[in-house]
Amino acid sequence: MSRANAPLTITGGRLLLPDGSIRAGTIRCEGGFIAAAGEDVVPLGGDDVHDAKGGLVAPGLVDLGVFAIDKPAFHFGGITRAGLMPDQNPPLDVPARVRFAAQSGKPDFWVHPLAAATQGLEGKALAEIAMMRDAGARAVCTGRRWIGDSGTMLRLLQYTGMLGMVVIAHAEDAGIVGNAVATAGEMATRLGLPSAPAQAEAIAIARDIALADMANAAIHFRNVTTAAGLDLVRAAKARGARVTAGVSPAYFMLSNLATGAFRTFTHLSPALRCEADRQAVIAAIADGTIDIVASGHDPRGPEDKRLPFADSAPGMAGAETLLPLTLSLVRDGVIDMARAFDLLSANPARLLGVDAGRVAPGAEADIAVIDPDRPWIVNSDKMAASAGNTPFDRQPVQGRVLALFKGGVAVRAKKAMA
Amino acid sequence: MTPPEYTYPEGALAFPHRGLVGIAGLAPHQIWFLLDEAEQWVEMNRGAQKRRELLSGLTIINAFFENSTRTLLSFEIAGKRLGADVVNMAVATSSVKKGETLIDTAMTLNSMRADAIVIRHASSGAVQLIADKVDCPVLNAGDGQHEHPTQALLDALTIRQAKRAFNGLRVTICGDILHSRVARSNILCLASLGAEVRVCAPPALMPADIEQMGVKVFHDFDAALKGADVVMMLRLQLERMEGQFIPSPREYRHLYGLTLERLALAEANALVMHPGPMNRGIEIDSNVADHVERSMITTQVEMGVAIRMACLDVLTRKGRKMEGWA
């Protein structure tokens, strides 16, 4: 047995257990899986032993819907797995590309490719979804775009329902959004930015929930960012529909006021919403309407961002700030620590159908040792990510990853973790 | 009407801005100062000697990334009448067409040691982006749907000369408010000076929450005209309108065209304005546009040169190490 595959025991930590409790204890991993966790667990001879020094022993984050494989940023952020958006160049719409992408992070990072729903992500002809599933795709995704043709969307959902795969949808009615880069309102009006009403989201969600009902298929909305959209998801869940929802921290941290002075790092898709919608996102995280918080990691250099606002590319580098920004909800009393890791790890792992995202015997040994209170300041010039396009530049945050393990093996962190 | 009285401090404190990116951020007395400064150039431009060597030796670059005839010409004449070396960079002949980024173009212009750069660009915020990167004063000659500050200033000067004061003055702006930088700058400028600003357009051409900018919103042109002291018509950009925003030009005229009959709904001595170029017979009828007593359209063009001279003069004072400004 090579040194890298020696069993791992993490001692002296506070274990975040699946029942939501946090208890001092030890965790032992063997063969890439968690073998035991608890107060009475002890390391055996030949184990690699890591002293957590009182840190929180939590599941590695599972980041659903990233646009680039950016390992230094993911490792900085405690992310051990990511669902890769099909919006690659070329798109993940054939089995060979899916198979390649699925291997691209190993051994210290696992990429779960999301299969393009339609060929070329054009929203017209269905892609070879079953073959991509068997090549390693864990879910189906419409990409950055909404499928405008309701007939196509219905047939997609009927097909994925049969295959037992969830469709991850972008929820914005494209006809209403057009070329908009901002949410309609006073800020967009003052800045003279092309804008679209926030209701474009609710309209898309209403249609897609109805279609998913008809097809008896599961649907996940990657970013639900408005009060009206969240109300629809909440109501659908209440009657037992197979609907889940996600959001990125930007939508509970920022409103469209942040776009003042044409800051292109705040150019996101969907566009930032009004303050009332931001509050609605926080309420939906608290009441369980939102299931997943994900980074939407999309590093973009100056060639994409140092442009006039409407000409710049949307997206932000979010992997490094996913954990601390979500932990801010814990400090604010919106959610508890256990729920934070449901949002960041357990729920996205369940959606992808992987046995990870929880600190329990039998699960894959993806472990992040975390100091949830450690303060640091986001600095866009010194990011681990391949580009520093964060709207949270210079913002003080709390929560740092002290050590990261993928499949029971320590991940060598780049020195970028300043 | 209360008399127009704004006092402003001496020297550079009268206008403590590096450039002119928008009306937003200007205090009322700073707007007033620019209007006052322009008056001398109105006088001079009407005389036989139309040149004063105030900016002699200075280089002004007009960088127009979007087509323009009248604004470019107006800035060029303004610079030349002040004795500056004026260079026009038109997009069709520039390396922008070869894929150079806006920032790279701006840095290039900066390295050529311009003393002022005048910029027009099709994207909102583009002028601010350049202003943040270059060392010299930047003047916004229109950025996307954001601002066109010199247009608002020349409109204010036109109105001030005819009406003397702005307090309580009712100004109706009618047309494609959604896509209009002229409307935004005029709203900010006129509201700041105390006028009551009304905007009128069909819902599809009205920006969301525009009443937050301190205007009254109308969809019925006749109602918007009632009691108006100034009627400002905007150009309908036909190429992007038809079918999407309005059914047809003649239907637009049916609801929003300024005819002589409609003009009668406004105050008896109401002014008619238009930033040009006009679509005669669509947003404005010829007999209104050419109305000798009421139409200010040619006066606006005249004021445009004076306002741009004032802006170029004021913004280069620091660079020229003028007393009180250096």
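Glycine too: its Cβ is placed from the backbone N, Cα and C atoms.
Pulled from TrEMBL, these are the features on record:
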- B:20-161: domain 'Aspartate/ornithine carbamoyltransferase carbamoyl-P binding' (DOMAIN)
- B:ARG70, B:THR71, B:ARG120, B:HIS148, B:GLN151, B:GLY276, B:PRO277: carbamoyl phosphate binding site (BINDING)
- B:LYS98, B:ARG181, B:ARG235: L-aspartate binding site (BINDING)
- B:168-314: domain 'Aspartate/ornithine carbamoyltransferase Asp/Orn-binding' (DOMAIN)
Distant-in-sequence Cβ neighbours of B:ARG181 (L-aspartate binding site), under 8 Å, six or more positions away: B:SER124, B:GLY142, B:ASP143, B:GLY144, B:GLN145, B:HIS146, B:GLU147, B:HIS148, B:GLN151
Rounded Cα-Cα span from B:ARG235 (L-aspartate binding site) to B:THR71 (carbamoyl phosphate binding site), Å: 15
B:ARG70 (carbamoyl phosphate binding site) and B:ARG235 (L-aspartate binding site), Cα-Cα, nearest whole angstrom: 14
Of B:ARG120, B:GLN151, B:ARG181, B:PRO277, chain A-adjacent binding-site residues (C-beta under 8 angstroms): B:ARG181
Output field, carbamoyl phosphate shell: CB within 8 Å of site CB centroid, site B:ARG70, B:THR71, B:ARG120, B:HIS148, B:GLN151, B:GLY276, B:PRO277 dropped: B:SER68, B:SER74, B:ALA141, B:GLY142, B:VAL182, B:PRO275
Per-region confidence, the domain 'Aspartate/ornithine carbamoyltransferase Asp/Orn-binding' (B:168-314) (mean pLDDT, whole number): 96
Secondary structure content of the domain 'Aspartate/ornithine carbamoyltransferase carbamoyl-P binding' (B:20-161), with strand meaning DSSP E or B: 67 helix, 26 strand, 49 coil
Residue with minimal Cβ packing [other Cβ atoms within 10 Å] among the binding-site residues B:GLY276, B:PRO277: B:PRO277
DSSP-derived class (H/G/I helix, E/B strand, else coil) of B:GLY276 (carbamoyl phosphate binding site): coil
